[in-house]
Amino acid sequence: MHSTTLKVQKKPGIMLWVTTVTILLVILIDILVFAATFGINIFLTAIAIALAIISVAWRRRRFLYGTIGFLMALTFSLPLIESATLLGLLLSAVGLGLSALMAVRLMPARLEHIPLSLLRLFLPAPTRMVRDAVAMRSPMQHQAARKALPWLVAWIVPLGLGAVFTSLFAAANPLIEAVLSKVRPQAVLELFDPIRFLFWLIVAAGIWALLRPKLLRKRRRKVVVQDAAPKTSAWLGSAAIFRSLVVFNALFATQTIMDLAFLWGGVALPDGMSHAEYAHRGAYPLIVTALLAAAFVLAAMRERSPVRDDGVIRALVYLFIAQNILLCLSAMLRLELYVEVYSLTEWRLAAGIWMGLVAVGLVLMLLRIWLRRSNAWLVASNFAALTIVLYASALLDLSSHIAQFNVEHSRELTGQDLPIDIDYLSLLGPSAIPALDRLMPRLVPGSGLWAKAGEVRSELVRELRDHSGDWRGWSWRAQRLKDYLVRHAVASALPKRQNDRVVVR
């Protein structure tokens, strides 16, 4: 009885602390983020939430767990200092999720279970605060509500008469009238506009789910007595898997030999087909082929599969996976050949990264079969590889690299290939300014392309400066660009327009 009483007394203390911290964080995030340019404010928001998580852990005497969780959140949020990109936000959310799990000792003991635990944390997050609010209803709270009603009623007379007296004093005293005239009721209404209120609710729900994390319950599986020997299936039995692997290996070998000849060996293609066309037609279908092949291997080599310990089939599976890895490498080479001719874009760069991840996933699948690991191990390994790639991508200024690549491989600099696409450079944002500075000295002064490049550069500089007026929008990437502009104020004699005619100075 005594322990139950202590438990009831401790829970309101934690709930009161979580509620107070949530309200304070909502106020802070409203000041930092609402109607502001994304920048260092997003990193500060992540750190504030991480500190709130560690405060809850420390109140529960979990000092070590809270500190480790904070270091995790800090590490995953560091890319936000470079730039507040979508990738940075995603990584920061993962770090905060890990921190929340660590603070309440829900972090799985085995790394392969972490992705599933994060999924079970974030799925019920939007309704976590509502569920807690419903669960907290008790007779004590009803009694508190009954006490609160007379307290509120007792304020009606002083506030009402106070407003009347204030209006009378304002009519009699010009100084009071002058002070009251400066009060803007519209400011109060702007503070409580529907969009802002919705923002508060979303932020509060997210913070509450991290301060009081609870995993989505697993469905209980019915215990079924398994036979001593696994049942065979006509669709994926030993004979079907063996024949499929023989046929698939033969088909893939044909494609592999052709890729080795045309892409790697330099054999001439049929008349009317260029290497760029050959590369473009196969880059994306080959990745889909590799994904389908991977799904087949997972189904064939599943746990309790009748062929899991068959030496011949395992050898065929290894050969099949190896051919798929080579297929991914060929797809990446095809994409590279196509990019060299038709320039680089964000989607093509993302496709190349995706192809590399598929190749890594196939290698991990081979290791999973070789080491006899579980599918959870495979998922966790791919999750780790994806996290590393996303972390590196969040730290790099990919738009700048794309712009530099396109300029370096343009006809204006190489004398061949396609002419530079100034319109696409403008879509890359201020990160394209150094690439434009590399391009403009190679253009003919006074030409239309030279004038357009100068105008685009001026617009990008203006865009960068417009976003730099508020300290909340500061980022390390933007600061490097501003420092660059100090050193390179003008790329060359930039064009000026008078009466829609380019004037060269």
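Don't overthink the numbers, they just go from 1 along the chain as shown.
From the backbone N, Cα and C atoms, a Cβ is placed for every residue, glycine too.
What TrEMBL says about this protein:
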- 12-34: transmembrane segment (TRANSMEM)
- 40-58: transmembrane segment (TRANSMEM)
- 63-81: transmembrane segment (TRANSMEM)
- 87-107: transmembrane segment (TRANSMEM)
- 148-171: transmembrane segment (TRANSMEM)
- 191-211: transmembrane segment (TRANSMEM)
- 240-263: transmembrane segment (TRANSMEM)
- 283-301: transmembrane segment (TRANSMEM)
- 313-335: transmembrane segment (TRANSMEM)
- 347-369: transmembrane segment (TRANSMEM)
- 376-396: transmembrane segment (TRANSMEM)
Stretch contact, the transmembrane segment (283-301) with the transmembrane segment (376-396), Cβ-Cβ under 8 Å, 3+ pairs: no
Among 40-58, 87-107, 191-211, 313-335, 376-396, stretch most in contact with the transmembrane segment (240-263) (C-beta, under 8 angstroms): 313-335
Proximity of the transmembrane segment (376-396) to the transmembrane segment (313-335), 3+ C-beta pairs under 8 angstroms: no
Other parts of the chain folded back onto the transmembrane segment (87-107), taken as Cβ under 8 Å at six or more residues beyond its ends: 42-43, 46, 49-50, 53-54, 56-57, 60, 62, 65-66, 68-70, 72-77, 79-80, 114, 117-118, 121-122, 209-211, 213, 215, 387, 390-391, 393-394
Intrachain residues whose Cβ lies under 8 Å of the transmembrane segment (347-369), provided they are six or more past its termini: 283-284, 287, 290-291, 294, 297-298, 301, 314, 317-318, 321-322, 324-325, 328-329, 331-332, 335-336, 338-339, 375, 377-378, 381-382, 385-386, 389, 393, 398, 402
